[in-house]
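Encoded as structure tokens, the structure appears first; notes follow it.
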Amino acid sequence: MASQKPHLNLITIGHVDHGKSTLVGRLLYEHGEIPAHIIEEYRKEAEQKGKATFEFAWVMDRFKEERERGVTIDLAHRKFETDKYYFTLIDAPGHRDFVKNMITGTSQADAAILVISAREGEGVMEQTREHAFLARTLGVPQMVVAINKMDATSPPYSEKRYNEVKADAEKLLRSIGFKDISFVPISGYKGDNVTKPSPNMPWYKGPTLLQALDAFKVPEKPINKPLRIPVEDVYSITGIGTVPVGRVETGVLKPGDKVIFLPADKQGDVKSIEMHHEPLQQAEPGDNIGFNVRGIAKNDIKRGDVCGHLDTPPTVVKAFTAQIIVLNHPSVIAPGYKPVFHVHTAQVACRIDEIVKTLNPKDGTTLKEKPDFIKNGDVAIVKVIPDKPLVIEKVSEIPQLGRFAVRDMGQTVAAGQCIDLEKR
């Protein structure tokens with residue numbers, strides 16, 4: 001039986017090499033989720049490969065390719081319990097070209113740990129900003145900042161360096177709209193302040209990282225909204241049948257339900273539901289599930305389709321109006337521009353058909369009607385036409401399916417939310 005404690009999806013974000021995977025490995029190890037002999041095995045292997053401090057990180061970096069490169073590519077999920085919560089940990093990649101995965105991952109998070117290295121010359125960096133901003137735009141409501149590598153400051157465990165990094169991070173996070181933020185000085189590699197108070201930082205009187213996680217609030221589950229499950233993957237399992245996998249964003253799914261997948265437009269009956277290999281009689285928002293559907297073949301549906309009930313089907317649009325912020329475009333964006341929109345698990349090329357107006361980012365008032373173009377830092381209302389059918393919802397109705405990121409040339413050029421739509 002799955003744990004009776006409230007369940008939170010927790011993502012670790014931050015700049016590459018600031019120690020996210022090592023911290024996650026440490027958390028899981030100290031919770032007994034990983035036996036000591038496995039860590040010892042990883043330590044020997046890491047030493048042989050010339051990556052002596054990587055053993056904890058390798059817990060999450062399951063893929064061989066990641067071990068060789070020392071970077072996290074796909075999203076790895078692991079679970080652990082605290083006194084108060086049952087957490088599924090999502091370790092998000094830090095390298096630039098992996099921001100896409102980070103986007104699809106962040107939209108599943110109830111809370112985030114932002115990892116920032118306190119080592120000299122590290123601190124708040126470009127990727128720290130981008131990840132924090134994406135977390136905000138994609139609706140991650142609460143965050144704890146782990147100021148990591150305190151063992152590597154000069155002198156080690158320097159209160160002065162902690163306060164510098166904390167001040168920079170606080171300024172950044174407040175400017176993008178985070179309110180409740182706690183800061184914890186830690187060493188993921190040495191274990192300081194992760195689950196136990198550190199004797200090396202007597203100047204710090206606050207909670208350990210674990211206590212800070214337990215101070216998170218449980219987001220109210222949107223169980224009264226229509227069912228929406230964006231499909232992450234589809235399996236065909238011998239003797240069972242077609243099994244889509246995804247996270248319930250809104251609503252409730254039970255065995256026996258009649259469901260429809262859109263835009264694929266395929267219907268079926270739910271036979272059974274599983275989470276972490278255990279059967280569920282009811283799946284609720286936040287649950288990462290696999291569910292067996294009768295009447296649908298594996299090739300009928302794919303990643304990016306959304307499952308809903310027949311009487312309240314997901315909304316397929318032919319056009320939508322969005323509020324976007326331009327984050328990182330090398331020149332300007334004009335009508336006719338066609339990047340890829342990442343909405344829940346879907347990735348669809350969309351044309352920016354019209355720039356309706358630009359807004360003042362501080363108060364949302366109109367700056368200019370129908371400008372010719374928009375550039376970095378601009379907030380704008382735009383009309384968007386997808387190349388092919390796409391499920392997206394108004395952010396005012398189902399925010400979980402109303403937010404998106406815009407990618408082009410290997411980077412996130414903009415992020416935004418759907419404020420109005422034209423049904424197909």
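Any Cβ shown, glycine's included, is placed from N, Cα and C.
Per Swiss-Prot, domain 'tr-type G' is recorded for 5-223.
The region 'G1' feature in Swiss-Prot is assigned to 14-21. For the region 'G1' (14-21), the model's average pLDDT works out to 79.
Marked as GTP binding site by Swiss-Prot: 14-21, 91-95, 148-151. In the three-state DSSP assignment, the secondary structure recorded for ASP17 (GTP binding site) is coil.
All protein chains shown were included, and the count of other CB atoms within 10 Å of the CB of SER21 (Mg(2+) binding site) stands at 27. Residues or ranges marked as Mg(2+) binding site in Swiss-Prot: SER21.
What Swiss-Prot records for 70-74 is region 'G2'.
Among the features that Swiss-Prot reports, region 'G3' is placed at 91-94, with the record citing similarity to another entry.
The region 'G4' annotation in Swiss-Prot covers 148-151.
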Using DSSP, break the region 'G4' (148-151) down into helix, strand and coil residues and give each count. 2 helix, 1 strand, 1 coil
A correct count of other C-beta atoms within 10 Å of the C-beta of ASP17 (GTP binding site) gives 18
How far is it from GLY14 (GTP binding site) to SER21 (Mg(2+) binding site), counting Cα to Cα, in Å? 10
Around the Cβ of LYS20 (GTP binding site), other Cβ atoms within 10 Å, all chains included, total 29
As a test of the contact definition, list every same-chain residue at least 6 positions from MET150 (GTP binding site) whose Cβ is closer than 8 Å to its Cβ. ALA118, PRO156, TYR157, SER158, TYR162, PRO185, ILE186, SER187, ASP192, ASN193, ASN200, MET201
GLY14 (GTP binding site) CB neighbourhood, other CB atoms within 10 A: 26
